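For reference, TrEMBL has these:
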- 16-290: domain 'Deacetylase sirtuin-type' (DOMAIN)
- 140: active site, proton acceptor (ACT_SITE)
- 148, 151, 199, 202: Zn(2+) binding site (BINDING)
């Protein structure tokens, strides 16, 4: 189908094809599991054309001095919010058009087969939802939703795009590269005349429904994921170096429960020293073999 076309490897680090022996090991790992807990990161979406932050040589940190929006800066600074939303406005048509790749479809199929007990993603790109995964927690939220910091009213990001267009009918800006969370690179001069709408209900500040850097995941969501992990019998990490503690804590909990942990990621991860199995391969190349 059109949604299962060739992968986009522009932001995927180079790696060797899957080793047949390692494929067999992962096959045994998955076969032995009855209630598999899967946690995914940016490395599962790079094959859909979305860059990540940390991949050596091609991640955002390697390509640019830019850093992602900080929670405190967004909350306290109107100019920071203006800059964020201007960049996000330009990047949204492309970011919202990204489609799931083979790895997303495979995990959806595992759920349908009753193999995958719960899926936690650290990504905010909605690709697991687009693939049809339902036993899913978006740990860091999703860019496709927006909410008001004052009254909590929630709207679709696509609705906000229409409000931006109405407020900025003549505003134009050419983008310089796409960032992992959907925004683009713009100059301060380009941003300064961009108009940002307030909440339609109360006039409050609108924020994407994502956990910015420096913010924390709400305790209720963390507890919910811990409950799903407690019901599981093994953990698979796919496409994540697990450098961010919000996801890493579940690997620590799995280790405490002495659950087997398999990692599928190009490059080193924070779990390498205590994982049962580590595979250095593309998610979209290896997962369909299982």
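Going from the start of the chain as shown, residues are counted 1 onward.
Using N, Cα and C of the backbone, Cβ positions are placed for all residues, glycine too.
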Which residues, in sequence order, are found in the same chain with Cβ within 8 Å of the centroid defined by the Cβ atoms of 148, 151, 199, 202 at the Zn(2+) site, excluding those residues themselves? 149, 150, 152, 153, 198, 200, 201, 203, 204, 206
Measuring Cα to Cα, how far is residue 148 (Zn(2+) binding site) from residue 140 (active site, proton acceptor) in Å? 17
Work through the binding-site residues one by one (148, 199, 202) and point out the residue whose CB has the fewest other CB atoms within 10 angstroms. 202
Counting across all protein chains shown, how many other Cβ atoms sit within 10 Å of the Cβ of residue 151 (Zn(2+) binding site)? 12
Between the Cα atoms of residue 202 (Zn(2+) binding site) and the residue listed as 'active site, proton acceptor', what distance do you get, rounded to the nearest Å? 25
Residue 140 (active site, proton acceptor) and residue 199 (Zn(2+) binding site), distance between Cα atoms, whole Å: 22
Taking all residues of the domain 'Deacetylase sirtuin-type' (16-290) together, what is their mean pLDDT? 90
Long-range Cβ list for the residue listed as 'active site, proton acceptor', cut-off under 8 Å, min separation 6+ in sequence, same chain only, gives 122, 123, 124, 210, 211, 217, 246
